Amino acid sequence: MRIGVLTGGGDCPGLNAVIRAVVRKGVASYGHEFVGFRDGWKGPLEGLSRPLGIAEVRGILPRGGTILGSSRTNPFKIENGVERIKENLAAQGVDALIAIGGEDTLGVATKLHELGVNVIGVPKTIDNDLGATDYTFGFDTAVNIAMEAIDRLHTTAESHHRTLVVEVMGRHAGWIALHAGLAGGANVILLPERNFDVEQVAGYVEKRFQHQYAPIVVVAEGAQPLEGQMVLQNQELDAFGHVRLGGIGQWLAEQLEAKTGKEARTVVLGHIQRGGTPTAFDRVLATRLGLQAIDAAHEGDWGKMVAMQSTDIVRVPLAEATRELKTVPLERYAEAEVFFGS
Ligand code: F6P
């Protein structure tokens, strides 16, 4: 078979490890050939490809980003998008696609499968918010980056008796905030799943100062105050209809400073959370998902997404995996709340 591989949506550490595993096993065990499509769905849409063999995947296991490039192109928003993809696949003699992506990229994969394209999906996102898989690679790396930042901020916050608000990624799901906040011993953690009361947050911060210990507040970019609107950087939507977030941390620091009388500063971790080398956990997970994806393709088990369930790598229907986002259950949040303000 000749199989196209693409990576779509926000990049994350571990994408290259998947590509490497797919190609290494595909060539060595099954004798398949590969084509690398560039920049997500833009690649097959515009016929943009590059060679992808064993030589091209040497040395990429520890490299962050994606050698194939990525974009948020949505072929369903482009005239004749699906027909163009089908034509380009046929022109390049490509029998099937392995699409590595999050909810948007795999949403496209789901629809293309229904329209007769042979597709296997591999879940990725630092947000860990895809259904049907317990973990996505990239998440562990992002959490460790955020945790290390929190550790460092503790010592400087302490020296200056300041509140430090750390804004982490997480549009609709607060997994990064929850895990990094728990691991880093945050004073308060705020998630998109539950609107927060700024007065209560100020109370936690005051209490922490009473213990002579400077508070670190971890806030997910999608968290919102009780009666407020989500704080937006600009109102432009991408091809999948998402707004660009950012700004809640700054707003919150201003509020906390005004309410507590103690200086409050903001650190926005932003894309630092998505860059650089993957952790060992993410490298292993990405590799195992890649191996299962090429097995599924070899068997012609189309329309499946590979997933981690418990410690096993399994296959689930793409449609099931993209049905709904996996958000933080409130009982998980309650575990973190035990430590707030104390
Ligand atoms: O979905 C991954 C993610 O990093 C989100 O946490 C974040 O909201 C978004 O992508 C940012 O996307 P972009 O890099 O396109 O601004």
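Cβ atoms are placed via backbone N, Cα and C, with glycine included.
Predicted, not measured: the structure shown is a model, and the values here were computed from it.
Taken from TrEMBL, the feature domain 'Phosphofructokinase' applies to 2-296. Feature annotation from TrEMBL assigns diphosphate binding site to GLY10. Annotation comment: TrEMBL describes GLU103 as Mg(2+) binding site. The site 'Important for catalytic activity and substrate specificity' annotation in TrEMBL covers ASP104. Among the features that TrEMBL reports, site 'Important for catalytic activity' is placed at LYS124. Taken from TrEMBL, the feature substrate binding site covers THR125, ILE126, ASP127, ARG162, MET169, GLY170, ARG171, GLU221, ARG265, HIS271, ILE272, GLN273, ARG274. Taken from TrEMBL, the feature active site, proton acceptor applies to ASP127.
Taking the features listed in TrEMBL, we show where each one sits on the structure.
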{"residue": "GLY10", "record": "diphosphate binding site", "Cβ within 10 Å": "19"}
{"residue": "GLU103", "record": "Mg(2+) binding site", "Cβ within 10 Å": "23"}
{"residue": "ASP104", "record": "site 'Important for catalytic activity and substrate specificity'", "Cβ within 10 Å": "23"}
{"residue": "THR125", "record": "substrate binding site", "Cβ within 10 Å": "28"}
{"residue": "ASP127", "record": "substrate binding site", "Cβ within 10 Å": "27"}
{"residue": "MET169", "record": "substrate binding site", "Cβ within 10 Å": "27"}
{"residue": "ARG171", "record": "substrate binding site", "Cβ within 10 Å": "19"}
{"residue": "ARG265", "record": "substrate binding site", "Cβ within 10 Å": "18"}
{"residue": "ILE272", "record": "substrate binding site", "Cβ within 10 Å": "15"}
{"residue": "ARG274", "record": "substrate binding site", "Cβ within 10 Å": "20"}
Maximal Cα-Cα distance (Å) across residues annotated as binding substrate, namely THR125, ILE126, ASP127, ARG162, MET169, GLY170, ARG171, GLU221, ARG265, HIS271, ILE272, GLN273, ARG274: 33
Count of other CB atoms lying within 10 Å of the CB belonging to LYS124 (site 'Important for catalytic activity'): 33
Distance from ASP104 (site 'Important for catalytic activity and substrate specificity') back to THR125 (substrate binding site), taken between C-alpha atoms, in Å: 11
The residue listed as 'diphosphate binding site' versus MET169 (substrate binding site) - Cα distance in angstrom: 11
Entries of ASP104, LYS124, MET169, ILE272 (recorded positions) sitting next to ligand 1, with Cβ under 6 Å as the cut-off: MET169
Reported mean pLDDT - the domain 'Phosphofructokinase' (2-296): 95
Whole-number Å value for how far ASP104 (site 'Important for catalytic activity and substrate specificity') lies from ILE272 (substrate binding site) (Cα to Cα): 22
Rounded to the nearest Å - Cα separation of ARG171 (substrate binding site) and LYS124 (site 'Important for catalytic activity'): 15
Rounded inter-Cα distance in Å - GLY10 (diphosphate binding site), GLU103 (Mg(2+) binding site): 11
